[in-house]
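Participant: Taken from TrEMBL, the feature active site, proton acceptor covers H61. For D62, V65, G67, D69, S71, E81, the entry in TrEMBL reads Ca(2+) 1 binding site. Marked as heme b binding site by TrEMBL: H184. The annotation Ca(2+) 2 binding site is assigned in TrEMBL to T185, D236, D244. Positions annotated as disulfide bond by TrEMBL: C30-C107, C63-C68, C113-C317, C191-C223. Residues or ranges marked as domain 'Plant heme peroxidase family profile' by TrEMBL: 20-320. Marked as signal peptide by TrEMBL: 1-19. TrEMBL lists R57 with the feature site 'Transition state stabilizer'.
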Amino acid sequence: MTLIYAILIFTHLIGISQSKLQVGFYGQTCPNVETIVSGVVSEAAASNQNIAPVLLRLHFHDCFVQGCDGSILIENGETAERHAFGHQGVGGFEVIEKAKVEVEAVCPGLVSCADIVALAARDAILLANGPSYDVETGRRDGVVSDLSLAENMPDVEDSIQQLKAKFLEKGLSDKDLVLLSAAHTIGTTACFFMTKRLYNFSPNGGSDPSINPNFLPELKATCPQNGNVNVRLAMDRGSGEAFDRQILQNIRSGFAVLQSDANLYRDETTKRVVDSYFGILSPFLGTSFEADFANAMVKMGRIGVLTGSQGTIRRVCASF
C-alpha cells in the first residue's frame, strides 16, 4: 500500500508540473475570478477612457519579456523590469493590483497576477467594442524582474525585418505581427515617438516618404519640430477610440501614425495579410479581422508561460 500511495503521489506531482493553460482553469477553485476582474476593469474605464489600450499594452509588454508571467508588475527598485526603456509609457498597474486585492479576498493564494493581466486585457478590448474571446488561464507568476531583460522589445523604429524576427522568436507568425500591431486601433502615442519619422528619417533626413502628403501637414501641426514631445495623438487616425480594422486601412493609405505600423506595408508577406481584410470576398470567405485578432491574442498569451509547479502565485503583484 505504501508503494502504491507513493506512486499515486508521484503521478499527481507530475500532473501538476505538466499542467497546461485551459479555459476555465479556476472553475472549481475561484469561479468568480473573471467577474471580479471584469468589474474592476469596467470601474476603471468609467473614470479613465484610455484604460482599454493601456491594459491591452500591458499584456503585450508582459508577454514579450520572459513570457506572460506578470514580471512587468514587480516593483523592486530602479532595476525593476517595468523601468526598462522599452516599457516607456506602460501603465495600468494600479488596475491589476486592485483586481488582485479583490480576488485575494475571496480566493487567497490561488489566482496569478499573470492571469489577471490576461483577463483584464480581454475585458479592455471588449469595452472598446472589440471581440470577446475565451481566455486560457493557469499561468503562474515569475520571480525575476530585471530591466535588462526588456532590451529587445519591439520598437516603433524597428525595420520590418527586425519586427518579423522579434515576433518569430516568440513563436508568432507574420500574420500575428500584423494583427497584434493592429491593437493600435485604440489608444494614443506621444510626439516623442514621431520626431525621427517626421524630421530626421533615415537615411536622408526629412520626413518618411511613405506618409501620405495630405497627412504629413496634420502630423507636423500636432508634433512640430522642437515642440512638446509629450503631446499625444491617436494611433488610428479617425478611429482612435473604437476597436475596428480602420488601422489597417490607414496603413494601406499612408495614414499610419507609427513607423512600425507603416512598415507592415513595406514587406510583401505582411502587406498581403493587411490586404486580405479588404478583398471583395473577404467578408464571405475566411475568418474576420476581429476573429483573427482574438486568435492572435490567445496565441500571444501562451508565450513562455509558467504552469504547474513552475513559478509562484504572488499575493501582491508588485512584490515577490
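Placed from the backbone N, Cα and C atoms, the Cβ positions cover glycine too.
Are these features on the surface or tucked inside, and what touches them?
Facilitator: For H61 (active site, proton acceptor), the number of other Cβ atoms no farther than 10 Å from its own Cβ, over all displayed protein chains, is 23.
Counting only same-chain residues at least 6 apart in sequence, those with a Cβ under 8 Å from the Cβ of G67 (Ca(2+) 1 binding site) are G142, I303, G304, V305, L306.
Contacts of H184 (heme b binding site) defined by a Cβ separation under 8 A and a same-chain sequence distance of 6+ are given as M235, D236, I247, V257, L258, D261, in order along the sequence.
Note: T185 (Ca(2+) 2 binding site) has non-local neighbours M235, D236, S239, G240, A242, F243, D244, R245, Q246, I247, i.e. same-chain residues 6+ apart with C-beta under 8 A of its own C-beta.
In sequence order, Y26, T29, C30, N32, V33 are the residues near C107 (disulfide bond), counting only same-chain partners six or more apart with C-beta under 8 A.
On its own chain, C317 (disulfide bond) has G70, L73, I74, F93, I96, E97, K100, C113, I116, D141 as residues at least 6 apart in sequence with a Cβ closer than 8 Å to its own Cβ.
The Cβ neighbour count for C191 (disulfide bond), using a 10 Å radius over every protein chain in view, is 18.
Averaged across the domain 'Plant heme peroxidase family profile' (20-320), the predicted model reaches a pLDDT of 95.
The number of other CB atoms found within 10 A of the CB of R57 (site 'Transition state stabilizer'), across every protein chain shown, is 21.
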Participant: In angstrom units, rounded to an integer, how far apart are the Cα atoms of S71 (Ca(2+) 1 binding site) and H61 (active site, proton acceptor)?
Facilitator: 10
Participant: Hey, how far is C191 (disulfide bond) from H61 (active site, proton acceptor), Cα to Cα, in Å?
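Facilitator: Spelling it out, the Cα of C191 (disulfide bond) and the Cα of H61 (active site, proton acceptor) are 20 Å apart.
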Participant: Closest to C68 (disulfide bond): which of the recorded positions R57, H61, D62, E81, going by Cα position?
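Facilitator: Checking each of R57, H61, D62, E81 against C68 (disulfide bond), the shortest Cα distance is to D62.
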Participant: Just jot down the residues in the same chain as D62 (Ca(2+) 1 binding site), at least 6 apart in sequence, with C-beta under 8 A of its C-beta; none if empty.
Facilitator: C68, D69, G70, S71, I72, L73, A114, V117
